[in-house]
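Presented below is the structure to which this report refers.
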Amino acid sequence: MLLYMSQPQEATSPPLHSVSVAGVVVREDGRLLAIRRADNGTWELPGGVLELDETPETGVAREVWEETGIRVEVDELTGVYKNTTRGIVALVFRCKPSGGVERTSSESTAVSWLTPDEVSERMAEVYAIRLLDALDGAGPHVRSHDGKHLIPAG
């Protein structure tokens, strides 16, 4: 046993997760900020990869600004969502708009303020639930999905 433990191990490292952030930006009238992605045409929350040198709150404010032109005040973490297929863990924060003007970016073809019903109509289940979770006030929620469908907790 000691001989085995003293030998160098050539085990492969387990795959690592990527951490992303997204903002549920809620206007006073209850409408929610969403983007239509340029790469695949889907409606989602503004967000992206968290950079190594920033806090999650700083990262979500940066991503919302870059993708929509809207400045935000970050309120609270409302959910943690793991994409089991791609190894992405998304931290989702409820935010309030604090300035700026809506605009598209290289990552979006449309920026819109949607009602909760429009969110359910336009977004895939795994993205719509993030907005709906942020509105229910019972978070933070922890959920997993395969990129298309939620995976029941268990």
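The backbone N, Cα and C atoms fix where each Cβ goes, and this holds for glycine too.
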If you check Swiss-Prot, which stretch out of 48-69, 92-113 is marked motif 'Nudix box'?
48-69
Name, in the order they occur in the sequence, the residues of the same chain whose CB lies under 8 A from the CB of GLU63 (Mg(2+) binding site) and which sit 6 or more residues away.
VAL21, ALA22, GLY23, PRO46, GLY47, GLY48
Suppose the Mg(2+) site is GLY48, GLU63, GLU66, GLU67. Which further residues of the same chain have a Cβ inside 8 angstroms of that site's Cβ centroid?
PRO46, GLY47, ARG62, VAL64, TRP65, THR68, SER105, GLU107
Fewest other C-beta atoms within 10 angstroms, as judged across GLU66, GLU67, which are the binding-site residues:
GLU66
Tell me the coarse DSSP state (helix, strand, coil) of GLY48 (Mg(2+) binding site).
strand
